[in-house]
Amino acid sequence: MLVALFHHAPPNIDGTRLKQFDQSTVTSRKGSQAPTPPQAVKGIGKKVAKPDYSESKIVLAMVGLPARGKSYLSNKLMIYLKWLEYDVKVFNVGQLRRTRAKQKAQQSGIKEDHSASFFSHNNPEATLSRERLAEDSLEMLIKWLKDGGNVGIHDATNSSRERRAKIEARVNKEPGMTLIFLESVCDDPAVIAANVALKVSSGDPDYKDFSPDKARADFLRRIAEYEKVYETITEPHLSYLRITNVGREVTVSRINGYLSSRIAFYLMNLHLKPRSIFFSRHGESQYNVEGKLGGDSLLSPRGMEYSKALPALIKENIGDQPLTVWTSTLRRTIQTGENLQYTKLTWKSLDELDAGVCDGMTYEEIEHAYPDDFANRDEDKFNYRYRGGESYRDVVLRLEPVIMELERQENILIIGHQAILRCLYAYFHYLPQEDLPYIKIPLHTVIKLTPRAYGCEEERYPLPITAVDTHRAKPRAAQPVAQASSARQYFAPEDQAA
Ligand code: SIN
């Protein structure tokens, strides 16, 4: 493994202070020389393209009764895989049904009845129409995969063997596509009741003209119609995952390949227990005060004050509930957590984005010494990798095990760094990549995230201890940074009605 040793070296001829490699590193590099000569390296870094995932083509077909968390699982998985830069799209059959019905109503003035009787297998006309919607949705999904997508999620009940056999026959015609069924089973009355309540009270488009009582009664009748014909997956030849009561039990059958296994692993770690995730940057550090990047400096006097004030704030929030504190291996995060009386873990993966040759420099020094590079990074900060260091993308990839563990755990406080917390925050709030490097994570502020069925609720607790502002705004920002939301969204745009 390559180890970069940092010396507080005297300034170079051009006045900058660059990270240097010592002789032992140079020697260790010789054994692994690339067959072609490396490109000339100059400047502070360059943009690095996204990995090529074009070979990954998965049809993930959901299976399950209504109110069993299919859309929850679809959306969680989509957010996780998109955060890792796979191209993922959810094809929600209910949404397609509504869009088509709306178009029909506009064209012919006839309003289709989508109350519970529409979902009865004793209604042949509606059954045919529902079959067609599921097939059309699958066709759109396959076309989208052929056009470059990686994982298409067919968000539908797919509740009979016959329907699953049709999906299988269709996907088998497409070379290179993998089919996985994901069945969500839930027999916990509290979870079902919560899902029903969410459906009827969250402004769901199916029930926008219904009173809450009428909506609830109709939705329960719809579920009963599906129950009459529901067949759990027993087909031994299918690749499938069955999740019972999100997190209680997972069956994995015939799952092969890197991405499929990763999907399975992620889903195995999810749970629905109420919990909070707290983010805090370390207290203000000596490097923060000097405006320097990186390093491993200790806290400033104001940072020390923050470290002393933090336990009371956390206690006030969490009461006597258990909490685990995660820090990076850098001294400023460990020092910030030193007064907290909880189990602590240090993660190398939580270390700040490595600024490579710019470690220890100020932004002004970088701009002065490398004006072109500096502008380049500002143009595409997510993709820009510092020479000898990392890009935001590199950080996202190294944080993947942290996300996996965060999904598995309950109450966690992460005492981290600006870039690291931006990446984690973007995952929990499903924020776009281009906005990620500009998310505001101020010093001396605790951010509390409470995961909900769709998104997270957020509270921010700034402590009245002054600190420098290390945020650099997006230059020439066209739009504001996306706002976080925990409202249910259907990730199935109108274009799916085509
Ligand atoms: C729906 O139309 O809401 C769902 C259709 C289905 O998958 O059964």
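Residue 1 is the first one shown; counting continues down the chain.
In case you wondered, yes, glycine gets a Cβ from its N, Cα and C as well.
Here the structure is a predicted model, which means the values were calculated and not measured.
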Subject >> Per TrEMBL, the range holding region 'Disordered', considering 224-248, 299-323, 449-473, 474-498 >> reply: 474-498
**OP:** Report the candidate from Arg222, Arg254, Arg331, Arg332 that shares the substrate site with Arg281, His282, Gly283, Glu284, Ser285, Gln286, Tyr287, Asn288, as recorded in TrEMBL.
**Re:** Arg332
**OP:** Determine which residues of this chain, when Arg281, His282, Gly283, Glu284, Ser285, Gln286, Tyr287, Asn288, Arg332 are set aside, have a Cβ within 8 Å of the centroid of the substrate site's Cβ atoms, and list them as they appear in the sequence.
**Re:** Val289, Ser297, Leu299, Ser300, Gly303, Thr336, Leu443
Subject >> Max pairwise CA distance, angstrom, over record-listed substrate binders Arg281, His282, Gly283, Glu284, Ser285, Gln286, Tyr287, Asn288, Arg332 >> reply: 14
